[in-house]
């Protein structure tokens, strides 16, 4: 029997796909529709595998597979990027968008074929659909990509296969199949781009802040893999292991990551970073302001843990308490988006690296702070943190930052976009910071009418939609670079569809919702 909430979630995703291709219809639209249909069928096969415990790896058990919503993100992002950059006349990023779309389709198709292959008995109809979708995608790629672009797509697929085998084995129950597709697919693409640009550094395109993102992401991933392998052979909780951890972090950082970045940007990374951060008085003020907000967030963590000690050891932070951090993140990102987006870009990269590094310290119990972090953060765990890693705060940061990181600035005429595209950098703020927060707060306190088959409420969803519309109006008032050009109906449709997706999805909404809202705004 089909799961009704999953059917509704799939219907919402299909609606978004059709809305995108109603605006942008080309040869890739047939591929995207075919991919969506086969992913819809494969999703239910994988859900059955998860329920029966027949999946190869251990996935997060409190959610469905999420294959359909995850499969469409990267292809739609690539298609939207291709159209934006084509309109701006930037051929390099137009071709890059085609590569992104092709890569996303091939990786999603590969994951679907794996799911069908391990389903017993083998579903004949689903196999036929996957074969048809694969034929359409491969035929389109053959007539759209150059030989070098085909090689690049296959490189990303190869990296994805190896990363999946390694990380899904090392990190059981941390992801659903859909979340693994998004996270590992993104890391695979970033790694391939970093290798490509490192080998062609003379012909390299992009600004230092773009290279900084690539090196930082891959640097922390390599660091984690290194220590995971190392601590298989030694106890990570001793003082000797902890000293070795800090020493090897410094060695890898200064001996590998810093020279790598130096090769790409052709200047001392530390001097460049310091000069960049303190270049203007506005940046100094923003850094001071963000430091105060970070201190406030730490204060909330310590205060809530003090309440736990005084009340009960089983005390857990409420939904409203966890949303305090959403308010803090909104207060962090909005001034950065208005006054200095490049600074926000770099600061978010630094914050991501710090978050992941602290998670390594917590996970490996590195002295002197590992055990303390375990105790402090355990208060804020929910059902999505069922694996060995705590990822919800990292997903929150990613959801807010991805719209700032992903869109090529050179494809924005004179640094600004008109219409709904002007709201692309605000997609994370609207979807997660405003929409998801309002839906949770009002839904949990005043909601009475539940959406069928879910714990989410009609009141929460409607409040989320109205709050995002009000936030758009405030952005128009305070950010003079935003010009919507009467695209209000499209913004309302986009916000409504993404808010409905929030009500029905069981995936990590902090990661999924901003990406879908960004896609809708970009087209």
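Using N, Cα and C of the backbone, Cβ positions are placed for all residues, glycine too.
Curation plays no part in TrEMBL annotations; they are all automatic predictions.
Feature annotation (TrEMBL): of 244-262, 263-281, the stretch labelled transmembrane segment is 244-262. The feature transmembrane segment, as given by TrEMBL for the ranges 174-194, 426-446, sits at 426-446.
Using a Cβ-Cβ cut-off under 8 Å and counting only residues 6 or more beyond its ends in the same chain, the transmembrane segment (153-171) has close neighbours at 57, 99, 102-103, 106-107, 110, 141, 145, 180, 184-185, 187-189, 191-192, 225, 228, 387-389.
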